[in-house]
There are 2 protein chains.
Amino acid sequence: MSDLLERLRGRGWRMTAQRRVVAEVLDGEHVHLTADEVHARAVGRLPEISRATVYNTLGELVTLGEVLEVSTDRRAKRYDPNAHQPHHHLVCARCGAIRDVHPTGNPLTSLPDSERFGFTVEGVEVTYKGICPNCATA
Amino acid sequence: MSDLLERLRGRGWRMTAQRRVVAEVLDGEHVHLTADEVHARAVGRLPEISRATVYNTLGELVTLGEVLEVSTDRRAKRYDPNAHQPHHHLVCARCGAIRDVHPTGNPLTSLPDSERFGFTVEGVEVTYKGICPNCATA
DNA sequence: CTAATTGCAAAAGATTTGCACGAAC
DNA sequence: GTTCGTGCAAATCTTTTGCAATTAG
């Protein structure tokens, strides 16, 4: 059963077949699908679901804070349902594969005032870059 | 005079009016323009320069390692000419403004083996998120 | 002179939008 | 019944590509 779905129900999210399918497709760890991949998988379970609905739904999940948008070097954004466990990303520079990694014991110091340029700092995102074992072999 | 341009000359980069203008437009600190913004500014100095050439040139500068691609939450990528001084970014969640920030005294521990999933880790990118003074006022 | 670069225009890829119809509550 | 969500198709925005004309070295 989908954790994400549970949480959404709990928040009184209006439920439809399409939204359920999107939430189900997204659920899990190390899941970082593009909108198009979400649509492709959703179609497997609900053939008539449209891309527009997938985009709408993803946008809403991001607004609700239940899904994170991951911007990569590539064109399409990826969506990460693992929003409630703080984590960072390890990205393969060659193929774009992404893994979740969890903050090391090292609490990242917050930015010193002298480096804030008057900004209010709300968070930090850490992305490690490297080559995945698959690409290293090939 | 443009630092970037100097470096490119030194590397024997084939020079054209278009390339010079792109390098000039990019030079500086806290510069994070989109391809379209680069084009707009380049046109100011060389009216007939085409978007395709701007894209070509930016792509090449990235390949040469002289310019960094910054992926944001927004659609268009941004280009950062400050590639030779290691730094991170502070991004306004509201308007997208970006400032360069320099690593705090805190050396970010490298990822432990148990969190590498077999990847070779080559670098890390840190992005602070917040609200810029401008947006905070509005 | 020769190989590399440019501009154009068209194509491709990703995402958004307007609107009539249909479904959730 | 009312409000909100959906599908479609067209629009928009960003980036890439093919190719003939041009230019740097």
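Every residue, even glycine, has its Cβ placed from backbone N, Cα and C.
Copied over from TrEMBL, here are the features:
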- B:Cys92, B:Cys95, B:Cys132, B:Cys135: Zn(2+) binding site (BINDING)
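In sequence order, B:Cys132, B:Asn134, B:Cys135 are the residues near B:Cys95 (Zn(2+) binding site), counting only same-chain partners six or more apart with C-beta under 8 A. Cβ crowding, taken as the number of other Cβ atoms within 10 Å, peaks at B:Cys132 among the binding-site residues B:Cys92, B:Cys132, B:Cys135.
Contact annotation for chain A: of the listed binding-site residues (B:Cys92, B:Cys95, B:Cys135), B:Cys92 place their CB atoms under 8 A from a CB atom of that chain. Under the DSSP three-state reduction, B:Cys135 (Zn(2+) binding site) is assigned to helix.
DSSP gives B:Cys95 (Zn(2+) binding site) a coil state; it is part of no helix or strand.
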